[in-house]
Amino acid sequence: MAIPGRGDVPRDPEEVLNDAKDFLGQYFASIRRANTPAHEARWKIVQEEVATTGTYQLTTTELVFGAKLAWRNASRCIGRIQWSKLQVFDCRQVTTTSGMFEALCNHIKYSTNKGNIRSAITLFPQRTDGKHDYRIWNSQLISYAGYRQPDGTVLGDPMHCEFTDLCLKLGWKPPRTAWDILPLVLSANGKDPDYFEIPRELVMEIHMTHPTFEWFKELELRWYALPAVSSMRFDCGGIEFTANAFNGWYMSTEIGCRNFCDTNRLNVLEKIAQNMGLDTRTPVNLWKDKALVEVNVAVLHSFQQHNATIVDHHTASESFIKHLDNENRLRSGCPADWIWIVPPMSSSITPVFHQEMALYYLKPSYEYQEPAWKTHQWQKSKPITGKRPINRKFHFKQIARAVKFTSKLFGRALSKRIKATVLYATETGKSEQYAKELGVIFGHAFNAQVHCMADYDITSIEHEALLLVVTSTFGNGDPPENGVAFGEHLCEILYADQVGEDSTGNQMLTPKSFIKANSDIQRYTAGNPKKLNRLESLKGSTTDATSIDSFGPLSNVRFAVFALGSSAYPNFCNFGKYVDKLLVDLGGERIHDLATGDEMCGQDQAFRKWASSVFNVACETFCLDDDETLQEAKRALGTVALSEETVQFARAGCRPATLHAALQKSLNKQFVSCTVKANKDLGDASAERSTIFIDLEPKEEIKYNPGDHVGIIACNRKELVESLLSRIKDVDDYDEPLQLQLLKETHTSSGLVKSWEPHEKLPIMSVRELFTRFLDITTPPTTILLQYLATTCEDEEEKKQLNVLATDPGAYEDWRHFHFPTLPEVLDQFPSARPNASLLAALLSPLQPRFYSISSSPLAHAKRLHLTVAVVTYRTQDGEGPVHYGVCSNYLMERKPGDEVYLFIRSAPNFHLPQDLSVPLILIGPGTGIAPFRGFWHHRRALQNSCSRTTTGPVWLFFGCRTKTMDLYREEKEQALKEGVLSKVFLALSREKEVPKTYVQEVAENVGAEIHDLLINKGAHFYVCGDCKMAEDVHQKLKGIVKKHGNMTDEQVQNFMFMLKEENRYHEDIFGITLRTAEVHSASRESARRNRVASQP
């Protein structure tokens, strides 16, 4: 490519299109979407824009990609190994010089970062016709003035004499010292320039001292810590940005050799040598070399003393060689200008001196352009003939004097340009609730955006400034359904990065990757990986600035993760931990340790503590220290965001949706309506617990595989709803369709506008129906809800008690676990509380679907769906409290033939049958854990009947229950044994009279040798379905079987279990606690405590 010109003439549309086509090809290739419909659609849009306007607008992600790539292509930069770590401030919306000045002050503050320099670029509007350019007239944002003296000498920096003269003619009145910071001279939209003095507190200056020469400080040398180039043209995709400022950090020789010792700069070399006692009359004694070394020693020493980032020329050279190797491997070349790359000192003993380099030019790029004062078309009298009036300078200088940079004026301006992306994945809606709360908190100081992982464009992740992840874990370590794709995409990025960009083997990782991750993650704790922290990693460093240890696709992303889960499960918060680890492995910088929120204990308090802490760290990381803004955010944390004045029920202006449509919108699921065909109890009349069989007929075709789940939408019990309705106010007719509305505030050019907006999820529905079908009134209220209830109490003692529960985590958890109260029970406990129905509806969580394993086969039970459901009832308060009824199990038990039930299918790909019928199966499922296995044996029978010649492998079923009266599907199992569909059936009884107490894992241990043979020699698949405690006991027992009969060490056993999961031969379908007897509840709390302790770093 030809040497780039100065770019003084605007480009014609044809040239713009040629460059745009090339750039878009690079961009879409970088996100692995080259030649896709998205690429073609974007190219079409660009062509249309150019045809209409002669130019086009880059998207934000294209701009960020281009800015980083231009640094990567910069042939004269030795520090390009850091090219992906560039913070881009998109200021294309700025149209005034005062706006430009504000943005550049923000840039200086962010990049200086109290000495921990961060690379950044600020970009202003692009060139259009060449007559409305935006320009920064300074060659660097920070530089020292140079005053020509009558005797021909220069006071200050001789390099800037011409520009200093220009500033003086514009009206600048400096103190005229050797270290005056030049004002910023800015022009917007082709208009004449204005100048602005940079607040001195923004400029970090390093006063030079020497580690051994005390006299060095008497020279009063100093230099600014931030090298921010501001006079170059950014050329990207045919678009030219004539006004931009970008910075890295200093290499010591730039100051020590060039700025201090060049003869046309400060030229202090001879003075230094004389102070050293060297003879400066002859070059033979190498006095220049000796003095030059000591000046550079002083520069490095001084920066280190001030904890300011700098890199020495040896380290920089070595990092460039590494970068060169990387680029040759990844891009088959690296443009490099040898003359500029080789340091001005000790050249031949650096590796770059001996490195052959090829100089060629790539786009996007940063190019030189003529100084603005040489090309500007003045609209008023030229400054060389007289002073022009200063229109805005004095006004803005008044503002700068009136408020410090840490004020709202500057702090909030910076915050609007720093994006904080909050991602969530959820099954129950809790993570979504927390994510939105986090969005509100961060919205006080950042441009906060909240997305579900399933809706997030993964190609944007490399360009995020701040990423906050809030995610739950489904089952025993799996991602929520709307987080699966995100996790897989992260795996794909990591795989591509490890294999190499040009690898043709790159493909989407399968969901079984999560199974392996679930195993690997057990060996991971939040404290294991090195915590990358910009606040500490580069301070005073001469080597870390070019370290490549933390490089990766996400090396410019700062992140923090809050993981939700239940410590009743062994793989506590597994998916959140997995995402946290993946982000680190991809080069992301964790600004806060992973935090976990336990459903069993103090989840709300853990979230609020983490949210407050991560907000403070994020503000510190991005230099947002506006005290008022921080206080506003802290006030928002842990308080009721809504009030009785901002929520209301109103008559709707349109007809209510059908119940089916309303449920689909509320839960964002596609439901199928089913008719109940049969509902029968599976146990004998003497059985102490009820388990029912439900036969459903879908009203439309559904597709599923054995092992999948259904999500059932249940109703709250009528007596609970009636009790609640009797205690609420602000609604007269509970059966009138109403719309829940929230008062929204919008900032417009006309001021603050308030309007009532419909709730985003709750439909137009009667209040009775909302509390029956849409809102969760059985889960113990959150501390936020208790805080609101306290405000509605007329009795002061009740108000005091509720406030204690809302603010004391220990008291809340003890109360919650002992009473486990429904909302009506809470209102009974505090009878003077009278909440508003509207605010109560807004604060309550949605009533979530309950999941059940499918007990049928699509081959054996066409157009039918079977469920096996344990009916849950229990007493709270150690068995002495009121009877509680499981919401969904009792709802299903009460359904009669002909009743309608709404459900949806949730795929469980990790619990499907192997395709090969000859593969042996080991099935372990006590109680309702037998549910999916009934579908399995019916499915196997249907397959065997249709493929008579196929050899089928053995199927062993281990079932457990309390007594023989609870032996579910006993007759079906006996028939399957007779037909050879089941090979062996084992029964474990834990409460049968005159029979030794046994559990399924103990029965399995008794035939451990055979199980070992099936797994090792026959390739059997091992399935476990049941509660989390049983599943963990089975897992541990299987490890013991393998160790004993395989004569393995503990490490070999661990590796074997990892292998089973990696090969997708160990399958778990695990659910939480369904029985809340005192015995079970006490055991679950103790198990949860152990799992929490085990998961801590």
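Even glycines carry a Cβ here, placed using N, Cα and C.
What Swiss-Prot annotates here:
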BINDING   Cys77, Tyr368  heme b binding site
BINDING   Gln140, Trp249, Tyr250, Glu254, Asn259  L-arginine binding site
BINDING   Trp340, Phe353  (6R)-L-erythro-5,6,7,8-tetrahydrobiopterin binding site
BINDING   426-430, 561-592  FMN binding site
BINDING   704-715, 847-857  FAD binding site
BINDING   922-940, 1019-1034  NADP(+) binding site
DOMAIN    420-615  domain 'Flavodoxin-like'
DOMAIN    669-914  domain 'FAD-binding FR-type'
REGION    387-410  region 'Calmodulin-binding'
Entries of Lys581, Leu847, Ser853 which, being binding-site residues, have CA atoms within 10 angstroms of Pro932 (NADP(+) binding site): Ser853
Val561 (FMN binding site) versus binding-site residues Gln140, Arg850, Ala1020 - nearest by Cα: Arg850
Cβ contacts of Leu847 (FAD binding site) (under 8 Å, same chain, 6 or more positions away): Ile713, Ala714, Asn716, Arg773, Phe774, Leu775, Asp776, Val887
Candidates Cys77, Tyr250, Val710 (binding-site residues) - the one closest to Phe353 ((6R)-L-erythro-5,6,7,8-tetrahydrobiopterin binding site) by CA: Cys77
Binding-site residues (Asn259, Ser566, Asn571), the one with most neighbouring Cβ atoms at 10 Å: Asn571
Largest tally of Cβ atoms lying within 10 Å of a Cβ, found at which of the binding-site residues Val561, Leu586, Ile713, Ala1020, Met1030: Val561
For L-arginine: widest Cα to Cα gap among Gln140, Trp249, Tyr250, Glu254, Asn259 in Å: 15
From binding-site residues Glu254, Trp340, Ser566, Trp937, the one whose Cα lies nearest Cys77 (heme b binding site): Trp340
In three-state DSSP terms, the structure that Lys581 (FMN binding site) belongs to: helix
Inter-residue Cα distance where the pair is Tyr368 (heme b binding site) and Lys581 (FMN binding site), in Å: 42
Check: same-chain CB within 8 A of L-arginine site center, minus Gln140, Trp249, Tyr250, Glu254, Asn259: Trp223, Pro227, Met251, Ile255
Euclidean distance between Cα atoms of Arg850 (FAD binding site) and Gly576 (FMN binding site), Å: 22
Minimum Cα separation from Leu586 (FMN binding site), reported as the residue among binding-site residues Tyr250, Asn259, Trp340, Gly707 that achieves it: Tyr250
Residue with minimal Cβ packing [other Cβ atoms within 10 Å] among the binding-site residues Gln140, Thr426, Ser853, Ser856: Gln140
Local backbone state of Asn571 (FMN binding site), from DSSP in three classes: coil
Phe353 ((6R)-L-erythro-5,6,7,8-tetrahydrobiopterin binding site) CB neighbourhood, other CB atoms within 10 A: 14
Residue pair Asn259 (L-arginine binding site), Trp937 (NADP(+) binding site) - Cα distance, angstrom, rounded: 82
Mean of pLDDT values spanning the domain 'FAD-binding FR-type' (669-914): 92
Binding-site residues clustered about Ser853 (FAD binding site) [Cα within 10 Å; pool: Gln140, Ala1020, Cys1025]: Cys1025
Neighbours of Trp937 (NADP(+) binding site) among the binding-site residues Trp249, Tyr250, Asn571, Val710, Ser856 (Cα to Cα, within 10 Å): Ser856
